[in-house]
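Trainee: Dropping the structure in here first, questions after.
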């Protein structure tokens, strides 16, 4: 047999398709990958350590910068953990507003994924179409809380802003529009033979593997495990509403695409239901001026678009946490990458890496 | 005649540069429109000077030769890649009278000369001493060699019908009906194979930026990079011209509208082909490298062989034979 | 094969749709009222309570007060008020805690400059930044005071 | 001798061909060798063009420049660890090769003295592709088909051998 040379390829930290500053040290034989070693930490800002020196309100803007495509969920994670530790009551309207923003943020996040994933596969236009629809959501958020990405919207005990005049109608319009618009996406992407060829049958892992690697979110559901914290460890007021947990069958990247498209649909359904029941009311609970969290510790999990976003707070009774730990789903999901890439073609690398849906701000913390 | 002999190529060169300048602008505009944005519109009215500004930028850039590169080959490669791109234009008949070299084997000449470019790409890729560019060059060579075969075989049907390899004869043979109708299968194969030959989406693996950053020209800057770009767009020009000549009846008018000059008809059909290239680019993701090879050898090659058989059979059927 | 044609149809249809981009530097981008831009600071309203500097997550606010020059009045007046926009993240917390609305957000956001020193804004600059001031500043109040209904 | 464009073209092409061949031997870098070989093939195709043998020229470019050189470069780049070869230092080899080249030269000179050349200018324009086609598919039909079957067998054989090695 012809002897071919094994080559060490450094992919990243500056590379168009590593979604930020991930570095992959790849051993390739021709175009076949023998070994992958992901190197993380180029975007590490020490959020957890910084949080030990910040009051609970001050931590919220920092969480915006973890998973910067779904900052609402991050806001909620830390706010929810604090509320649970303090045993605070949150007014109904505030919870509804939180759910609307979180679900819209999930839609926006999945749209970013669909767009960038297709961009990784070489198609340009879906990226821009997705970003146009995401733009509508960002504009809605901009109207609500004055920022497009770093929302800093939620507060311990409620939310910062009530919905402005006519905002809820705009959300409803968007939901109706988006439910129709999804058909266009399916026309453009789902039926494309090249897309099917690129994604079918790659990046498959079993249920056992997924569980042993502690995968969560759509990366776990794609193997057929219907695990969704919104239903199984219900937080906020999700238990009031009806929605399905889509699961995958084959577990390949194509399945992940369909799963995430279905999750967009489900999120829109939740928003629609919330809009039907939302009433006037206070948006802030009875919260003391200076937040002093009682001694103790708490762990809460929130279903972020990428998986289980956990927040573990240890408090020693001061106004600052003694220790704060985020279970950042992207970081955990990334662990399975070396296993998946072994023996794959190098052009599958991008397809598989993109399928995991990592956000480097979250991976590096 | 003599004057034309010497000045002709220079005029063609200038026309070509003009075409490349505005083809790039047109491509960016079309892709912009498809993506609901206006495309380049800042430099000059309607963005007309955008490409000129880009080229000026490329020319003013520092000319970098990587330290570990093979200097001689690194400098030679863009020239090897570009010269054949220009040389193939000699055989394209733009109208009855506008053609530079009337070869009896024009079609073969086109295909043969265009394969030299691969040497330029391959040496450039190797000489840059970069892993990404080497991978890109390898893919490029493998892809272009593989797709040349269905490209040639798809045209065999037309050659059988006209009995000539001369592009002039081929155009004149389409007076009754364009070859896109009787040779539709061949047209599809030709279109796909030409997309692959041009390294355009969905076959732009050699420069797949999501995997190989920029493929074979990763280390090239400034003027040398411009040469590779130029070669690529000249091939777009040439391939669109060839498609027009082979399948769309060249300069021949449609519906007997003979008062419109042939060159305009040619340009019209030509622009249509160029537009569809850009349109496809804006829509499709790219194929995977192994699927690409399988597609060439397992789908396109048998289909083009089938097309040859079908043409041969139809030639013998009394009613149909007038078309073949 | 049919799927490919469908996709081509979608892209072709989009060609005729109106453009969605902003002609940004030529025309200003419309921003909603709640937009969090560069702060406006009103020295007269400030009571030097230091809350904004305390709540700031990045410690970008520096302020000092001095005794009120008018001996009849109690309290302090502001002497130095600087915001370092190299590290300010425009999180809105300072305006949220300000009891007198001395510091409020504006809808201006163009901070780009060639020198990092220019990002250090003093009281005078912040005071002169008085265009497009945000109308609605305290939304967390109980309903009726601010905020809208459905 | 009259200096025409054709003469100048011939001169340039032959110099290119010879230079390519000489460099091919003297270069130490295999990739450089490959590229200079491609130049030789290309110049020979140019000489065919000058002789009005269009078809032959085009096929020369297609097969030798387009396919063989590229495949060689491809193979070299994909498989070799070191691109440069060490110079061999074996006096017997030098002696043998000089002797072999001498014998070749002498025999060529003898042969060319015995052969008869057409002294008048021949109208090469009549020998187009039609003639080649007629000869291939008429007079020499059976040898042509046999040759292509032989090539096919070689192709399939090489695939089988490569596959077997790959499985081991």
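Every residue gets a Cβ built from N, Cα and C, even glycine.
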Trainee: Out of B:6-25, B:26-45, which range is noted as transmembrane segment by TrEMBL?
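Mentor: Matching range for transmembrane segment: B:6-25.
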Trainee: Looking at B:200-220, B:263-283, which one does TrEMBL call transmembrane segment?
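Mentor: Result: B:263-283 is the stretch TrEMBL calls transmembrane segment.
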Trainee: Restricting to the same chain and to residues at least six past its boundaries, which positions have a Cβ under 8 Å from a Cβ of the transmembrane segment (B:107-127)?
Mentor: 69-71, 73-74, 76-85, 87-88, 90-92, 133-134, 136-138, 140-141, 144-145, 148, 151-152, 155, 159, 165-167, 170, 197, 206, 215-217, 220, 228, 231, 235, 238, 242, 246
Trainee: For the transmembrane segment (B:6-25) and the transmembrane segment (B:233-257), does the number of C-beta pairs under 8 Å, pairs 6 or more apart in sequence, reach 3 or more?
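Mentor: Per Cβ check, the transmembrane segment (B:6-25) touches the transmembrane segment (B:233-257).
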Trainee: Quick one: find which recorded stretch in B:147-165, B:177-196, B:233-257, B:263-283, B:295-314 has the most Cβ pairs under 8 Å with the transmembrane segment (B:76-95).
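Mentor: Answer, by Cβ pair count: B:233-257.
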Trainee: With the transmembrane segment (B:233-257) as the reference, which stretch in B:147-165, B:177-196, B:263-283, B:295-314 has the largest tally of C-beta pairs below 8 Å?
Mentor: B:263-283
Trainee: Check the transmembrane segment (B:295-314) against each of B:147-165, B:177-196, B:263-283 and return whichever range has the most CB pairs under 8 Å.
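Mentor: Per the Cβ under 8 Å count, B:147-165.
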Trainee: Excluding the flanking five residues on each side, which residues at least 6 beyond the ends of the transmembrane segment (B:263-283) place their CB within less than 8 Å of a CB in that stretch?
Mentor: 23, 26-27, 30-31, 34-35, 94-95, 98, 195, 198, 200-202, 236, 240-241, 243-244, 248-254
